[in-house]
Amino acid sequence: MTFTKTLPASRGLPLAAMGVVALLAALFLIPVVIGDEFVYHIFITICLFAGLSTAWNIVGGYAGQLSLGHAMFYGIGGYAGVILMNMGISPWLGMFVGAGVAALVAVVVSYPCFRLQGPFFALATIAFLEVFRVLALHFRGLTGGAMGLMIQLKLGWEWMVFRERLPALIIAFGLMLVCLAVAHLIRSHRLGFYLVATRERESAARAAGVQTVKVRLIAVAVSAALAAMLGTFHAMYLTFIEPAAMFSLSFSIQIAMFALIGGIGTIYGPLLGAALLVPVTEFARGMLGAEALGLHGFVYGVVLVLAVLFMPNGIMGALQRFTARRTGGEEQAVQAGPVVAAARTAESPEERPAIGREVMRVENLDKHFGGLHVTNNVSFSLREGEILGLIGPNGAGKTTVFNMISGFLQPDSGSVSVLDREGRFQNPVTPGDFAALGVGRTFQIVQPFAAMTVEENIMVGAFYRHHDVNDAREAARETAHRMGLAPWLNAEARGLTIGGLKRLEVARVMAMEPRILLLDEVMAGINQTDVRRAIDLMLSIRDTGVSIIAIEHVMQAVMSLSDRVIVLNSGEIVAEGKPHDVVRDPDVIEAYLGKDFAHAQY
Amino acid sequence: METFLQVVANGLMLGGLFAIISIGLTLIFGIIKVVNFAHGEFLMAGMFLTYLITTQLGLHPYASVVVVAPALFVLGAVTQKLLIQPLLSARDEHVQIFATVGLSTAMINLALLIFGADIANTPSSGLRSSIQLGPVRILEGQLYILICAALLVVGLEFFLRRTQTGRAIRAVAQNRAAAQLMGINVNWIYVLSFGIGAACVGLASSLVAPLYPTSSTIGTYFVLTAFVVVVLGGLGSIPGAFVGAIIIGLLDSLAGFYIGSDLREAVVFGVFLVILILKPSGLFGTRLKLSHIS
């Protein structure tokens, strides 16, 4: 799914901003100028759907959790508004009660569902929607059951019910603006980056210290609250509600559809989708009337299918491709900027800081995968400013050890303790705990946030230290310069070569300013020049006082970098010591090359 | 006791109905790994076709299967070829979900355009008469559905395990790339599988149409339960779908009788959510990868 940057601060900005402002102005002014009842109705409906779809997009787009049950929150808002109004409470208050209830329901409902992915999440949301519909039908005393609920006809601003259409348009328009503002705020701040990062690669986001469950729960709560407020408004506008209409699957699908057609994950895509599609289908319905029962739904369905096939990134995606082609030349020029090499100036080795106290202690780690003993009584420690090489043949359990010392796997027994900033040893459990203690890791199989730019990828890491967007951006740029990634700052991560991706992996962790760095085969599969650069890079990182554990197969790197090497074979440590001693150890030779070779040597 | 047995018998019959509807859905998911949100609308299309054949040509509804099943096969194959195939390499699954959701919306409303909002009753040809089986009474047509569902499960399992094409299908289901390397035409297998899955729905439509009134929204009515059944049985497992269907049938019937007919759906979906959250792999499904590290 394409992901739009918060409109880049280039010449594109005024044009895009002007477009949005013009569209918003048109949405409000056209009906006022024409003054026709039907036109008013269409534009109120546009505002309603644009608002709902924008709210949906916070969950479905930014967080990537495809909800087909959003009518649930809309319905809750509608019922809260009507029930309270009939008790004599103004819908302006009911609106917030509905929003609160919807946010609560959203959190309770979503928490277990976040384990599900793709179609399963969608199915679960549909099931919840159905449960709500059935419950609304069942509790007649509260909801009026299948007969529905009529609002008491009390007119005026206080009751949100009007004879004329203009006030309704003002409210719908206002609520839509609120949704857009919230969506914009989220997308351009830390939360938005965290949501998109979680969507793209959950484990990498967790390694970057993102509390993935928490940020998504915030997103659904906000999204549900906004949808509920629009639900209250719409109930007042319709003056009558019933379970079949308020908790409808096809209504949920429409909400999601406008976002898809406009551009999922973009801020203004849902607005665009609703503004284009609602009038077409409403006019078709108005013109053809009852003879063409189902026509507008048919059009929706066909448009959805066509959009998915030919324009999966929506209108915004198409617009972007168009503008990118036009400004392509300029971008090239920007990209050809100065390459700041990561190479460290050849300094004398004596300048490096001395190896200090222990910062990580790993004791008796044991882990079984079924009958396989992947890690057997592994103990070692890491000192400040030290580079510890972790080598061993394939399947020796190196990555498993990494997963256990970064919180991604729990050992069956044994402990991992990390020195905190106050000088005490802590026992972190989750990836979040490890990140908080300054442990950063990379992944053997690179895990870039593919749809984000290089800069944004690094910013996700930088947000761990800097809450403000501008600070994070600044820190990310600095890190990018150090890693030699500066020329690609605005390129999407998916376009990088494998060497670039490995460097990005390191850059993202470095932006978190870790004290302990776990590098999982950052040199595998990259060319000689890049290996030499990576070696320099690691040395320069070490010189800032960071301790490093590196899993590596590239022996040239292991030998020249490591202060100490641990050899793992079949889950056990078979040797430990200075690099040059270790490679001559008969056990190590046997582990890599087999018994026969080891015998042949002696 | 009599009542209880009757409720259980009704549950079993309902289970047979759910099974015959769900088998095609689980087959398609198991092989192509796509959840067909338009599955219910395939059923609806098949039922309308059965209705037209029986009323226009005066055939027995069961006889219409010779037309309906091949027609649905073509519908399924075309859907795969034109809609799913181009999206299989899509970066995320959302597009695939939207594709079949869009197809579903279009089909429901197309039916509404053609047949209107009225209900179409397929002639029952005596299938709605009840027969006495020991202490319980059941509808003749329901019994046939249960038998057909069981036979279909056995038949499909035989096809998938004992024939060359079946083995190719299973190979593709387990590892698309490896199957391709072994010289299997993966795209053709997908088209074939979607067709077979849809043809199963065709069979189901001819069996169901005489018992249930057909309308444009009948698919939505059945498909949600079919999803529950398929997830309970383990997505992709054909015997699992059968067992899941019987369980859900019994649950539906018992809950409807002892808790209240208007809440039975809430009970069924409640169970669905519990399974989905606690054991998303279902009873017989292979373990789903919920998260992966490096």
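Cβ from N, Cα, C; glycine included.
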Which listed span TrEMBL calls transmembrane segment, if the choices are A:40-59, A:120-139: A:40-59
Per Cβ pairs under 8 Å, the stretch of A:12-34, A:71-89, A:95-114, A:217-241 packing most closely against the transmembrane segment (A:253-280): A:12-34
Cβ contacts the transmembrane segment (A:12-34)/the transmembrane segment (A:95-114), at least three under 8 Å, sequence gap 6 or more: no
Distal contacts, the transmembrane segment (A:40-59) - CB-CB under 8 A, six or more residues away: 27-28, 30-31, 65, 67, 70, 74, 165-166, 168-169, 172-173, 175-176, 178-180, 182-183, 186, 195, 216, 219-220, 222-224, 226-227, 230, 233-234, 237, 254-256, 258-259, 262, 264-267, 269-271, 273-275, 278-279, 282-283
Positions whose Cβ lies under 8 angstroms from the transmembrane segment (A:95-114), at least six residues beyond its ends: 65, 72-73, 76-81, 84, 121, 124-125, 128, 213, 216-217, 220-229, 231-233
Cβ contacts under 8 Å made by the transmembrane segment (A:166-186) with residues that lie 6+ beyond its boundaries: 24, 27-28, 31-32, 40, 43-44, 47-48, 50-52, 54-55, 57-58, 62, 157, 160, 192, 195, 219, 222, 226, 229-230, 233, 237, 267-268, 271
